[in-house]
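Quick notes on the structure that follows.
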Amino acid sequence: MKQNTTETRNTKSAHLDEMTTQQILQLMHQEDQNIPDVIATQFNTIQHVIETAASVYLNGGKIIYIGAGTSGRLGVLDAAELVPTFNADPKRYFGLIAGGEKALTQAIEGAEDHRQQGADDLASVGLTAQDLVIGIAASGRTPYVVGALAYAQSLGAQTATLSCNAQALISQYAHYAIEVPVGPEILTGSTRLKAGTAQKMVLNMISTATMIRIGKVYDNLMIDVQATNEKLVSRAIGIIRTITHLDEQESTKLYHQAHQNIKAAIVMHFKSVSYSEAQQLLSSHHGNVKSVINT
């Protein structure tokens, strides 16, 4: 394994405590500029992870992020957003963090150091060979994540990793290893900064593109959004109106006839079918609205 750059001192911030607030902001901004370019070097690997995730999900498997500290929190956060945004199954796309839910809001001393706990946590959610485990660790060597990945491999599950060091240890346990070495932090070792930003950007790509691939998006519209408040109900009706070109009153009526299901409403309109027939068509096309309409 190469030098752990996430723990190396950044020469540009050697006198960080003596800088003005404006200088600190400018330095942070400057350091963040190269993150997208580093991520771009990993597009081929990220693509493979997305295609694997889509296949796993469509075939009934689970996609599980697992990490410790900031890395674990980012995984849990990204997965949690998929439920309201895409109506993803929270039992089949979720995140695990060392130390459990308590670790989301406070540091759990030593939680990341237990390799066996990573394996135990995956076992507790019923990991199988049909699943995909994505291990996240800025350092690329977190024992909790290593243990989880080793266990996943022993079951024959698909594995991917996301680290911020080149030739990371966890990469050795991955079918697809994403490495985004963004360099030393301005605050030495504080990987919630550049490393965390890079990780969140990559996770955004993985989750969003996976949801697109499995038919959760029509054009660039969130057609599987869960309308849990007035704003989202208005958005749902607006989506139906945009796609069907019906007026607001007709779109609202269709929305309610479809039991507040945007996908069903669109299929009902274009295929001139009932709600139950629309649901059957969607089921036979893996929930892909365009596939139903174009058949």
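Any Cβ shown, glycine's included, is placed from N, Cα and C.
The domain 'SIS' feature in TrEMBL is assigned to 53-216. Sequence annotations record features per position, and here TrEMBL assigns active site, proton donor to Glu81. As annotated by TrEMBL, active site applies to Glu112.
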Here the Cα-Cα span from the residue listed as 'active site, proton donor' to Glu112 (active site), rounded to a whole number of angstrom, reaches 24
Taken over the domain 'SIS' (53-216), the predicted model's pLDDT averages 97
